[in-house]
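The structure under discussion appears below in the form of structure tokens.
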Amino acid sequence: MNHTFVTEFIILGLTRNPETQEVLFVVFLCIYLVAFLGNMLIVVAIIYNTALHTPMYVLLLALAIVDIICTTSIIPKMLWTILTSEKTISYNGCMSQLYFFTWSLGAEMVLFTTMAYDRYVAICFPLRYSTIMNQSMCVALLSIVMAIAVTNSWVHTGLILKLTFCGPNAIDHFFCEIPPLLALSCSPVRVNEVMVYVADITLAIGDFTLTCISYGFIIAAILRIRTAEGKKKAFSTCSSHLIVVSLYYSPVIYTYIRPASSYTFERDKVVAVLYTLVTPTLNPIVYSFRNKEMQAGIRKVFASLKH
């Protein structure tokens with residue numbers, strides 16, 4: 001049987017309505033700029049200020065870099081397809097986008113857990129924090145994050161590369177994600193589905209559980225704080241962190257826990273916006289811009305630019 005192998009894909013995007021596309025272009029461009037500039041500001045502020053060279057801020061630096069890679073691997077191409085109506089992406093371009101997205105997905109999930117552990121140690125063992133979270137521990141945690149992220153992306157991208165795409169090449173999504181690619185495959189996708197399911201259980205559900213356990217211990221420690229002001233401030237920080245974390249993990253778990261045959265792309269595309277754009281935009285606001293030390297670091301950056 002003769003197969004014509006796909007050399008490029010067509011990205012259908014969020015909608016095919018021209019008027020809606022114009023609105024989406026403006027909205028997504030604004031959100032992307034906020035996400036990119038916000039995370040870039042965090043990167044510059046932490047690198048520039050030696051006072052911020054501590055485990056907590058190094059982890060925030062890593063999160064900001066991951067968010068920049070995640071959004072930049074997806075949104076500019078999406079905006080370009082809306083602006084020019086050039087909806088094609090090469091096979092190699094699609095696989096590259098998939099690799100960087102799955103890398104950032106894995107890295108972000110493990111980073112959330114690592115950051116929750118850092119806060120757990122800081123709040124529950126304040127006197128031992130500098131001993132436990134020393135430079136060696138920080139390097140070890142970041143190495144684990146990188147190893148898991150690279151393994152996650154290599155496994156999923158490698159398995160997609162083994163598939164045969166010979167028929168329809170229209171991806172019913174706004175970027176090259178695993179579910180819509182599996183739907184286009186001419187070859188069996190059972191192994192892919194199993195590995196996606198395993199990754200969802202271990203990475204998404206596993207990390208989310210560990211993160212919640214860490215915050216559970218943190219909340220228990222907060223309840224022992226005697227001052228009402230201290231409790232209020234700590235609860236405010238914890239609740240905002242948990243909301244952002246839930247906003248990220250919930251749609252990821254929802255998307256990848258199901259077999260390819262059960263995907264509903266019209267709904268899933270909207271869900272994907274939460275973990276590809278909304279969370280990377282909220283992360284700088286929730287984790288960094290509300291922090292007084294980070295605010296001081298950012299002011300130093302702007303002061304140096306004036307001079």
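Cβ coordinates come from backbone N, Cα and C, glycine included.
According to TrEMBL:
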| type | residues | note |
| --- | --- | --- |
| DOMAIN | 38-287 | domain 'G-protein coupled receptors family 1 profile' |
| TRANSMEM | 23-48 | transmembrane segment |
| TRANSMEM | 57-78 | transmembrane segment |
| TRANSMEM | 98-117 | transmembrane segment |
| TRANSMEM | 138-155 | transmembrane segment |
| TRANSMEM | 201-223 | transmembrane segment |
| TRANSMEM | 235-257 | transmembrane segment |
| TRANSMEM | 269-289 | transmembrane segment |
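Beyond the transmembrane segment (138-155), the same-chain residues lying 6 or more positions past its ends with a Cβ under 8 Å from any Cβ of the stretch are 55, 58-59, 62, 99-100, 102-107, 110-111, 114, 117, 195, 199, 203.
Long-range contacts of the transmembrane segment (235-257) within its own chain (CB-CB distance under 8 A, at least 6 residues past either end) are made by residues 105, 108-109, 112, 116, 119, 178-179, 196-197, 199-200, 204-205, 207-208, 211-212, 215, 218-219, 222, 268, 271-272, 274-275, 278-279, 282-283, 286-287, 290.
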